[in-house]
Amino acid sequence: MLPEAIWRLKCSDRDSVVMSHRTIHLFRKGLWLHDNPTLLGALACSAALFPVYVLDRTFLEGAMGLGPLRWRFILQSLEDLDARLRALGSRLYVLRGSTAAVLNDLVTRWGVTQISYDTEVEPYYACMEREIQALAQERGLQTYTHVSHTLYDVKRRCSPPAEPLHEQTYRVPSPADLGLELDSEVLWPGGETHALQRLHKHFQSQGWVANFSKARTVPNSLLPSTTGLSPYLSLGCLSVRTFYHRLRSVCAQSKNHSLPPVSLQGQVLWREFFYTVASATPNFTKMQGNPICLQIDWYHDPEALEKWRTAQTGFPWIDAIMTQLRQEGWIHHLARHAVACFLTRGDLWISWEEGMKVFEELLLDADYSVNAGNWMWLSASAFFHKYTRIFCPVRFGRRTDPQGQYVRKYLPVLKNFPSQYIYEPWKAPEDVQLSAGCIIGKDYPRPMVCHTEASQRNLGLMRQVRTEQQNTAELTRDVADDPMEAGLKRELQEEEELLEGAEQHGTSKRFSGDADHKSRPWTPETLQLSGEVM
């Protein structure tokens, strides 16, 4: 059982409660003990509670497209959760297989009368919940569920059974057990312990928290310029309610603090917004059948998509971002904006769904609702309407990091180029390329498109689509009396200097590209963003 002190913390005023159930608490996203209303509610009516995590690999990889870095983060989070439970005299039971089959077996073996789990909004979790409810009805079980992964409901004591070989039977598997090969450094250790440590560290500087402005953070700093809490919120190691109320407390004590939507509070509310819209929108992660999404005839070009995915576009700023994403599983939100715009409406005219899938695989903080919502936003398919604002893949990075330290770190093949050529190495004279030890076209690719030409062409295509589908284009537009309108204008104004409007700069010669560097004619035949809100 959990220690008596823990029990009293929840139930001191509920002495009349009959603790009759033997409950399986099914951990899914809420891999934390702090501020866990579902777990505490289940404890309040249970004589015994068994903390369980079902490692349903077929479900997880099929529904969420987990890559190795996210798998490692989840396994580390499970190890941390197990350690925290053990400190309370309990443990985590990790079992592999189909969730429904595992639960059905445990109900019999452990004499279970109730199953508890957090309420989630994703359709694949809704499908799992239907299976749990069907099992409960068939076996005469009670279910208990509560909202804890969002601030609002957007839909409006542990005893081990007497069995041998517990440690081997129910232990958290290692990455090697799952056949995962990982040689990258662990920069984002999974688990509630690390989440709370990171939260505490940031809140030691209340001035930084109170004055945080999303648009003023640096996309190509060598260390994260944001809180870095998004993986812990996304994968269930930190309670968003705890985070939000800590923020409110800091702002209440500060006379001057940043405001939504650019403040940290605003970022939490953006997360809540996407969860809410996703819960009520059919086919939210797809273009077809999605009533709020423009239906665009994107190019189908697997070769171009692969160059973008594997950091071979020939644009150092874009390739450095995609390299960091693959190596570390995290990139700054403005970096996400840059690579998402490049893939979709800016340069390659490839569907946001393809980018969303890559982010889902590689980002530690990939999230069903926020990822799809931001990719629709950044591709100007929904929500965002300033589609003439296109990120320049050369000037954007140069403005915030003129010496190119970020590029040198993630693209070491270019590290010896002079700063004047680090973002446009194809313009370097041959002797400079030889001196840098990198021949463009051999050691590093030439630009795959001419940005000026591609962005102008795509701007015309987007204008045509939005004219033809005006009703859909207007569906999620902010109206004049929307209280968020003023805040959105502030945020866009602060990011303005990092953007290049294609209409205004289409004739710019900063990247004109000679004949060798121009893209082939683009036809349909030849031819991101999980939201890191914190």
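The backbone N, Cα and C atoms fix where each Cβ goes, and this holds for glycine too.
According to TrEMBL, the features are:
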type     : residues                  : note
DOMAIN   : 21-151                    : domain 'Photolyase/cryptochrome alpha/beta'
BINDING  : 226-230, 267-274, 365-367 : FAD binding site
SITE     : Trp298                    : site 'Electron transfer via tryptophanyl radical'
SITE     : Trp352                    : site 'Electron transfer via tryptophanyl radical'
SITE     : Trp375                    : site 'Electron transfer via tryptophanyl radical'
REGION   : 494-534                   : region 'Disordered'
COMPBIAS : 525-534                   : compositional bias 'Polar residues'
Highest CB neighbour count within 10 A among the recorded sites Trp298, Trp352? Trp352
With DSSP as the reference, give the number of residues of the domain 'Photolyase/cryptochrome alpha/beta' (21-151) in helix, strand and coil. 63 helix, 32 strand, 36 coil
Out of Val268, Ala366, which of these binding-site residues shows the lowest number of other CB atoms within 10 Å of its CB? Val268
With the cut-off set at 10 Å between Cβ atoms, which of these recorded positions ends up with the most neighbours? Options: Trp270, Phe274, Trp375. Trp375
Whole-number Å distance separating the Cα atoms of Trp298 (site 'Electron transfer via tryptophanyl radical') and Trp352 (site 'Electron transfer via tryptophanyl radical') is 9
What is the one among the binding-site residues Thr226, Ser230 whose Cβ has the most other Cβ atoms less than or equal to 10 Å away? Ser230
Pull out the binding-site residues from the set Thr226, Val268, Glu272 whose C-alpha sits within 10 Å of the C-alpha of Trp375 (site 'Electron transfer via tryptophanyl radical'). none
Can you name the residues of this chain that are 6 or more positions from Glu272 (FAD binding site) yet have a C-beta less than 8 Å from its C-beta? Thr150, Leu151, Tyr152, Val154
Within 10 angstroms of the C-beta of Gly228 (FAD binding site), the count of other C-beta atoms across all shown chains comes to 19
Trp352 (site 'Electron transfer via tryptophanyl radical') and Trp270 (FAD binding site), Cα-Cα, nearest whole angstrom: 20
Between Ala366 (FAD binding site) and Trp352 (site 'Electron transfer via tryptophanyl radical'): CA-CA distance (Å): 15
